[in-house]
Amino acid sequence: MKKNEIIEKIYNDKPFNYDDILSKYKKYISTLQSTITNTEEILNHAINAGQTILIEGAQGTMLDIEHGTFPFVTSSNTLITAATGCGIPISKITQKIGIVKAFSSRVGSGPFVTEILNPIGDKIREKGQEYGSTTKRPRRIGWLDLLTIKKSIKLNELNHLALTKLDILNDIEELKICTAYEFQGKIYDYIPTSCEILEKAKPVYKVFKGFKQNIQNISNYDDLPVEAKEYIEFIEREIGIQISILSLGAEREKTIFRNQKWINM
């Protein structure tokens with residue numbers, strides 16, 4: 001009732017009718033009833049039977065309500081712990097794959113230390129179709145940030161990394177990877193909790209020679225351009241885990257698996 005008062009008196013709109021809403025949603029019961037079940041039991045039974053369960057997370061570590069760049073975060077947990085919502089104990093999750101683009105992006109406001117505010121950022125946005133799925137808002141583009149990746153690995157206890165959209169970076173003369181932040185003469189090798197620092201911090205970059213070759217049709221890691229492999233292997237050395245999966249295009253086939261275990265899963 002209080003909500004209806006707000007709708008009527010503040011927004012000068014028609015109130016909701018409880019009986020109308022109830023009647024409308026009762027009609028959905030016959031359609032949905034057969035698909036509603038105790039998924040917790042189904043999933044745990046499958047795990048105990050030795051089956052493989054794949055759970056896909058949503059959004060990113062830095063949008064997590066507790067560990068993200070508050071207040072520029074989402075309303076829920078985005079870490080591996082969100083899997084408990086399926087009724088699966090964290091101890092049952094044996095492999096955790098982090099998915100990261102070969103560059104950074106962000107939608108909306110908030111600190112973005114590696115943001116590219118020049119035509120290179122525009123080029124990456126257009127080539128990678130970096131627009132919001134629903135709103136079509138252009139995403140902000142930045143260079144790869146190892147500090148955010150390291151934080152994600154730590155908080156989620158990641159075993160492997162999947163690097164996507166590497167193909168988008170071809171034909172860029174110089175590529176950059178952020179290895180630290182600098183603020184008022186102090187070097188940070190971790191993400192400060194202060195948004196004020198993050199808003200004003202400067203990135204410390206490792207610069208790489210870019211690659212000209214179109215890599216979308218390459219299916220073997222060894223066939224990648226030397227410059228692309230140097231980019232990948234530097235990331236691996238810095239983060240301490242393997243980039244086991246490389247995505248070189250939108251199609252499923254444009255994927256390189258560097259670890260055999262993922263091929264038949």
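Even glycines carry a Cβ here, placed using N, Cα and C.
Annotation source TrEMBL lists IMP binding site at GLN59, THR74, ARG137. The feature substrate binding site is assigned by TrEMBL to SER133, THR134, THR135, LYS136, ARG137, PRO138, ARG139. What TrEMBL lists as GTP binding site is ARG139, LYS165, LEU166, ASP167, SER247, LEU248, GLY249.
Known features from TrEMBL, placed on the structure.
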residue: GLN59; record: IMP binding site; Cβ contacts under 8 Å, 6 or more apart: THR74, THR78
residue: SER133; record: substrate binding site; Cβ contacts under 8 Å, 6 or more apart: none
residue: THR134; record: substrate binding site; Cβ contacts under 8 Å, 6 or more apart: none
residue: ARG137; record: IMP binding site; Cβ contacts under 8 Å, 6 or more apart: VAL107, GLY108, TYR131
residue: PRO138; record: substrate binding site; Cβ contacts under 8 Å, 6 or more apart: ARG125, GLU130, TYR131, GLY132
residue: LYS165; record: GTP binding site; Cβ contacts under 8 Å, 6 or more apart: LYS101, ALA102, PHE103, GLY128, SER247
residue: ASP167; record: GTP binding site; Cβ contacts under 8 Å, 6 or more apart: ASN214, ILE215, GLN216, LEU248, GLY249, LYS254
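Long-range Cβ proximity for LEU166 (GTP binding site), meaning a same-chain Cβ under 8 A and a gap of 6 or more residues, is found for ALA102, ILE215, ALA228, TYR231, ILE232, LEU246, SER247, LEU248.
The Cβ neighbour count for SER247 (GTP binding site), using a 10 Å radius and every protein chain shown, is 19. Ranking the binding-site residues LYS136, ARG139 by the number of CB atoms within 10 A of their own CB puts ARG139 at the top. By the criterion of other Cβ atoms within 10 Å of the residue's own Cβ, the least surrounded of the binding-site residues THR74, THR135 is THR135.
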